[in-house]
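Please read the structure below before turning to the comments.
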There are 6 protein chains.
Amino acid sequence: MRPSGRATDELRELSFTRNYTVHAEGSVLVAFGNTKVLCTASVEEGVPRFLKGKGQGWLTAEYGMLPRSTHTRSGREASRGKQGGRTLEIQRLIGRSLRAAVDLSKLGERTIYLDCDVLQADGGTRTASISGACVALVDAFTHLLETKKIKDDPLNGLVGAVSVGVYKDTPVLDLDYAEDSNAGTDMNVVMTQQGGFIEIQGSAEGAPFTREQSDTLLGLAEKGINEIIKAQQDALGW
Amino acid sequence: MRPSGRATDELRELSFTRNYTVHAEGSVLVAFGNTKVLCTASVEEGVPRFLKGKGQGWLTAEYGMLPRSTHTRSGREASRGKQGGRTLEIQRLIGRSLRAAVDLSKLGERTIYLDCDVLQADGGTRTASISGACVALVDAFTHLLETKKIKDDPLNGLVGAVSVGVYKDTPVLDLDYAEDSNAGTDMNVVMTQQGGFIEIQGSAEGAPFTREQSDTLLGLAEKGINEIIKAQQDALGW
Amino acid sequence: MRPSGRATDELRELSFTRNYTVHAEGSVLVAFGNTKVLCTASVEEGVPRFLKGKGQGWLTAEYGMLPRSTHTRSGREASRGKQGGRTLEIQRLIGRSLRAAVDLSKLGERTIYLDCDVLQADGGTRTASISGACVALVDAFTHLLETKKIKDDPLNGLVGAVSVGVYKDTPVLDLDYAEDSNAGTDMNVVMTQQGGFIEIQGSAEGAPFTREQSDTLLGLAEKGINEIIKAQQDALGW
Amino acid sequence: MRPSGRATDELRELSFTRNYTVHAEGSVLVAFGNTKVLCTASVEEGVPRFLKGKGQGWLTAEYGMLPRSTHTRSGREASRGKQGGRTLEIQRLIGRSLRAAVDLSKLGERTIYLDCDVLQADGGTRTASISGACVALVDAFTHLLETKKIKDDPLNGLVGAVSVGVYKDTPVLDLDYAEDSNAGTDMNVVMTQQGGFIEIQGSAEGAPFTREQSDTLLGLAEKGINEIIKAQQDALGW
Amino acid sequence: MRPSGRATDELRELSFTRNYTVHAEGSVLVAFGNTKVLCTASVEEGVPRFLKGKGQGWLTAEYGMLPRSTHTRSGREASRGKQGGRTLEIQRLIGRSLRAAVDLSKLGERTIYLDCDVLQADGGTRTASISGACVALVDAFTHLLETKKIKDDPLNGLVGAVSVGVYKDTPVLDLDYAEDSNAGTDMNVVMTQQGGFIEIQGSAEGAPFTREQSDTLLGLAEKGINEIIKAQQDALGW
Amino acid sequence: MRPSGRATDELRELSFTRNYTVHAEGSVLVAFGNTKVLCTASVEEGVPRFLKGKGQGWLTAEYGMLPRSTHTRSGREASRGKQGGRTLEIQRLIGRSLRAAVDLSKLGERTIYLDCDVLQADGGTRTASISGACVALVDAFTHLLETKKIKDDPLNGLVGAVSVGVYKDTPVLDLDYAEDSNAGTDMNVVMTQQGGFIEIQGSAEGAPFTREQSDTLLGLAEKGINEIIKAQQDALGW
């Protein structure tokens, strides 16, 4: 039934390639099927003004799509002179999700920048970004621990994310672009390693959805995120 | 237990004042307790370029807060030269929610602009905006029907929205600012008159939330939105 | 002769509603007939850089029109990414006019922000803004005196403003939109309670005006501002 | 009494150098003493959208100061990414003043751009700009008439402008920077060759001014503009 | 002598990975040692306004660095709201260089966008971009020929680019970051397959350079570009 | 052969008018034939953040064209809200070229701003700007020496610049607009008084150029810059 031939509760092929680039403290190329996002974690000394002197750290995220990561070219945001609403919404989601994974008081007055740049898009770029950025973040924490800049690991636990949706009246897991662009309902879910929810963002693109459908979608998401977090652990050698 | 003394499933006092200003086709001052938003619906001939010649209409929303609608003054976005991420996120939500209430093919090549300007903020401005804008939209459609610009009412049904959240470990309905700024989890829900879900946006501000909590919150939201839609109907004299 | 049936030297119905919103130190809805502007005065500790350490305060103003305060919707300045020339011109005028009403040396190193947001426009929004902002300013000073942040009232005296113009060759007081959009000459006048002039801005939209006409217009303005200042005093319970 | 030793009703040395640069249809360097402004009039085919098809022309003005035209360097507006409020206010004044000098219906669907760029500032740059731009405008009209693009001269008559003000309690004509920066009241006046007023913009920088002072200032302005218009006529060889 | 141990006339390891991403008509990851740039060529129907109706095509380039492609993170241009001078300078150079490689009259009214996004920077990003974009361009032309959108190949010949410079008083080929940041003189050279020069941009960072040094540098560049063009040909299977 | 009748190695008439405006520490109107640029050097106390506390100075340049300095009017960059790529490229070149002329360690923590504003353009504005700005810079240094703000002259020597190019297959010196707009190759060269090269920027606008042509062009540039530097010396009375 699905364009890709996958079962309704089947993820696309997942991979997390660590150390994809050389300069960042954490650098991961995450692939959810054909969706490929380069996620880097950069550590900078200092915090934004509203946190100065409070002895804690900060984490923020930025998101971008290369102009031709998509089927047809989209204008470069740097050249248009501003980031669009979708971009800002996504990078706020990534930042919020990963701040939930971190005990900022263990970071010292440092800022972590998570940059998620989409090299190739095929649906689910925001959930791939969150999942990949989490691995990059772990590598950055390891770097801080190994260089003795911090003593305690600030990580509360891994965080994973996936999209689910109603495609041709059937709830399915991990929508690719062919499904996403036709889905009646689209839901992005972020969860912790411990099974708690960080974010649920469900949206009816066409007909409204029922509470029952919402429930089924959350069940699919739980299953998918469970597998994603296992893949993160494998990639980290845990 | 609640700062306002309300029951956990009790809305704030609601009001929809129609014809609040004279120029717009629909103009509603919505109050959710101390949260007051002026919602206008403006009709313009023509549609954005991507819809030209398709014989259908469009609906879009813009949101703003007056600088001193809040406890401390926030900088004017017009003067800072751009709308912030929160603003863009909210106006995208308002637009998406109300497009779900409308059959755009019955609108002709016209655009409806919904402007939601917060005069006074006390939590829940985005859900008040959606609920108020829906009434303004109905008035604009009535205007189009009465002036014979359209034949069939494009409204699929009313749309209401409310915030729910976990405050001091207890799920509560319709958070005011005192609750919202301390809530562990915050969820905005948009539903149709027919009881379908249009949007669910739940976010753990502190500890992750459980599937059970999510379920309770959705139940509270259903109850609240039911009452909001009744108040809309009363205001419209239906 | 006037579209509204008013005498040539007759103001529109005036009202100043204090405490219109709850958060600002001063909050006044001013109505000059159908022109309605929400004026808030916000007090912030600190002054702009060019005044730091000089032991005096500062006062500045910002002006905006809600998109559908006008007959047809005008684009939102925040969304277009800049304030237009008319907006900047008006807010500079408001700030200059009210700085003339204040002894900034009695304010301490504080900044007063006057925000004038037009909810509904029917001509004369800038003069209504100045007149309303002055009442909001008095309330903010009262707040500062009552909370013992300052000892001496910084107010030099009330300030009022009105527009006058030549409509169908006749000088008239307090132009509404129907007159303003057809006026040959338009003059905005700002005066103090003591009868001194702060600003005169007269502009020939069509034929040039004579020195005699200018003189008659100033006489009308004096009469009108006198009444406006009385109405301010009534609203303040003086 | 005046820093320059001038009589209270004495203008600075005036000059209008035509054809100062080679490309523009009109190009005039105007000097009011040490204030030097390059004013060019450029003719372009076509009008702004709001005038298309109405068979009339348009005239608009832009104003700028070279960064080091002033005592201390001011940031370049192009580099800061926007024109300041003062700049916009001045260019709106220049445009309005010179539109009053022109019968736009005789221009055809053409736009005149008046660019006033201050090479050296010593007070009165806006009134020098208006006076100089008027001469450049006449040259542009001559060019249009000579090249047979238009039949009738669109000029209604010359327009001149000057600043007057109250310096050390004495009304004086044509303030230079030393006076302007200390003046209690500053008034810019624009008049036609026929003696009509186009603009009066008076502003109390310190103490309010009286109706009597306003009257004296207008008298000084009339005298000064009379002389400025004579100098324009001399420069034009009329 | 060189930090990398290379001979003075030795290039870094070169690679051109075609079809690096799936959506673009041409997509090449070019590596000059540790410098890695993703170059895509996108074909769009239509040309900029200044070329409409002239029956020819257009080619333009955009350049960007991912925030953490560099040793320390640099701010995202999309988020700062504008492209810096260096970025604009580089993308103008890339566009100019590759327009020299193309007969635009054979392209029809189409626009080629070359996007060069630096994934990892180690000196020479602009010359790697030009060299990689040329291969992507060839793939885009092949696509247009195979889909019969054009009849004749618009390529005039391959174009290659390299940087040369004076490092520790010695002219060297293909500077990496360690050399570039200490080089006395830096020269970027672009040449055609036929051995003609398209661009020479030499800049003394410290002491001026002599005509003799310039000559030696051009010789090194010729040798290097020769090898780069051979590598392009190998990658293309020519 | 040349439109102007000049010999292939003949410069246009050169002039450097010092003290062209009164406020700047250095102010020079440079003319290369009909190309006229006002170059000012402004001294400000303090340096950009990246140099603070290092005990050295900084020099930076800004470039602009008056809207009607060109054959047809170009839009004002301040009004469009950003400087174009060409402007940024040119001002980076001017700054780089003149920093090469200065020993910044002798300047103290001061910044020199070089503003080059084109009053009239006829080709070669960037090389005229560099040549003129150098004279303004010398005057600013003299001012600093005379006012005892610095002890040692920071000037390493004069810097001159000229454009050369291939016009109708013939290498020529100092292209005017008629030549420049038809030139096959255009090269801008900056040299020191001592005969060293600071910048070479050669660009094939049409057919690529050969190494031989490049060599001839450099020879012409050397001759021209030699004469330009003599003219600077004359203007300075050296």
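Just so it is clear, glycine is given a Cβ too, placed from its N, Cα and C backbone atoms.
As recorded in TrEMBL:
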DOMAIN    F:10-140  domain 'Exoribonuclease phosphorolytic'
BINDING   F:Arg86, F:Gly124, F:Thr125, F:Arg126  phosphate binding site
DOMAIN    F:157-223  domain 'Exoribonuclease phosphorolytic'
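Shown here: features listed in TrEMBL, placed on the structure.
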| residue | record | Cβ contacts under 8 Å, 6 or more apart |
| --- | --- | --- |
| F:Arg86 | phosphate binding site | none |
| F:Gly124 | phosphate binding site | F:Phe32, F:Thr35, F:Val162, F:Ser163, F:Asp174, F:Leu175, F:Asp176, F:Asp180 |
| F:Thr125 | phosphate binding site | F:Thr35, F:Val37, F:Met65, F:Ile90, F:Val118 |
| F:Arg126 | phosphate binding site | F:Tyr63, F:Ile90, F:Leu93, F:Ile94, F:Ala161, F:Ser163, F:Asn188 |
Confidence summary for the domain 'Exoribonuclease phosphorolytic' (F:157-223), mean pLDDT rounded: 95
Secondary-structure category, per DSSP, in which F:Arg86 (phosphate binding site) falls: helix
Neighbours of F:Arg86, F:Gly124, F:Thr125, F:Arg126 excl. site residues, C-beta within 8 Å of centre, phosphate: F:Tyr63, F:Ile90, F:Val118, F:Ala121, F:Gly123, F:Thr127, F:Ala128, F:Ser129, F:Asn188
Pairwise C-alpha maximum, in angstrom, for the residues (F:Arg86, F:Gly124, F:Thr125, F:Arg126) that bind phosphate according to the record: 13
F:Thr125 (phosphate binding site): secondary structure state under DSSP, collapsed to three categories: helix
